[in-house]
Amino acid sequence: MKTLNRRDFPGAQYPERIIQFGEGNFLRAFVDWQIDLLNEHTDLNSGVVVVRPIETSFPPSLSTQDGLYTTIIRGLNEKGEAVSDARLIRSVNREISVYSEYDEFLKLAHNPEMRFVFSNTTEAGISYHAGDKFDDAPAVSYPAKLTRLLFERFSHFNGALDKGWIIIPCELIDYNGDALRELVLRYAQEWALPEAFIQWLDQANSFCSTLVDRIVTGYPRDEVAKLEEELGYHDGFLDTAEHFYLFVIQGPKSLATELRLDKYPLNVLIVDDIKPYKERKVAILNGAHTALVPVAFQAGLDTVGEAMNDAEICAFVEKAIYEEIIPVLDLPRDELESFASAVTGRFRNPYIKHQLLSIALNGMTKFRTRILPQLLAGQKANGTLPARLTFALAALIAFYRGERNGETYPVQDDAHWLERYQQLWSQYRDRVIGTQELVAIVLAEKDHWEQDLTQVPGLVEQVANDLDAILEKGMREAVRPLC
């Protein structure tokens, strides 16, 4: 069986205009996949040079396949049909290691055509590393490497204002563009680089904050033989991902034209502020997950897909989204409903087995950040507690018993909550406390909730009533009136 290379698989090759820090599965099935579509359907005509930002020899270099690899995008499409689409990606030209090819790395700045910098160096990548110096070959941190590369470009083109870059980080931190820019400026000042360079950074370059959204399942280890048989070639960099994707970029409106988004419709939004989109994702996608998990798991289900194929549990989640979460969010309702529809479709993806117990990790913090804001906003707006979000809190407290149908299961959270719940449920079983007292103790934890939730009118009583129903009737019977 042939292995991918450009000699045996000839096709388009594009001039290098994009530098990408990070060789991982996510960028390859997200950014490079989108660039490949734009190259095919528009005159974007841009090739990617991947820079491996850390010192590692695994996985091998993409250059062993001349930058070629296959994405397999699968899930439910907009009509709810299961689809699986294999695509040979030609947007990546080569990969270089900043550690073994440092001079080659600096030479990227000399190419007048270079225009974009994308990155995904993990959440820890956009951080300050004390001791990084200008002359290090290379510096340790990604922001320091980028500062050095930007200075190389500034010097090579004598500070020309038309030679700046559009820098688009994809790391999962809030306002990642602002954070990266601040660190680049910090290194520039620490290294005593000329004031003219600092002015050029501001005038000629754009640091764009982003929100990225796609589940990338990566190399399909268990299915490789079958997939390669279907493809007819060997691919050591096969990359799988869900059908849904969303790329929100906070940047200049001109970016849409530069990326040729006006010529081919991708799910990319160029916006003035990513905040409402971040809130939408946290509230609807993450919030629905967090509400679903303790209810579905204690109803005897194990995966998100099983839960969405269960008529009652699915109805509970959809009503929570449409009746209790969406009404208190600050974006146009039709936009929110369209996003919610995509979310429930993603939950039904038959190609992804998303274990409920793995999503249950750190459930107490997830409830505080993902659901509590909507629960409180709903109470404030309507004067009544949103029934399903409140029930989800009772289900969460019940989940920390760590037992389903007489069998124990692992509960993963910080030590404080594990010990606290062990103690509280033990006291409940010994009849030292009742449900009302148990709930009040949990809701009074100011350090966790950042407020005393026992002061929210009716909350302790309603959560305790829901908890009683769960303990007495079982989850199925208790949740039914809310479905």
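Keep in mind that glycine also has a Cβ here, set from the backbone N, Cα and C atoms.
Taken from Swiss-Prot as is:
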BINDING   Ile18, Ile19, Gln20, Phe21, Gly22, Glu23, Gly24, Asn25, Phe26, Leu27, Arg28, Ala29  NAD(+) binding site
Most crowded position, judged by CB atoms within 10 A, among Gly22, Gly24 as binding-site residues: Gly22
Cβ contacts of Phe26 (NAD(+) binding site) (under 8 Å, same chain, 6 or more positions away): Asn120, Cys170, Val212, Arg214, Val216
Residues satisfying Cβ distance under 8 Å from Arg28 (NAD(+) binding site), sequence separation of at least 6: Tyr69, Thr71, Ile89, Val92, Phe237, Asp239
Number of other Cβ atoms within 10 Å of the Cβ of Ile18 (NAD(+) binding site) across all protein chains: 26
Cβ neighbour count (within 10 Å, all chains shown) around Gln20 (NAD(+) binding site): 26
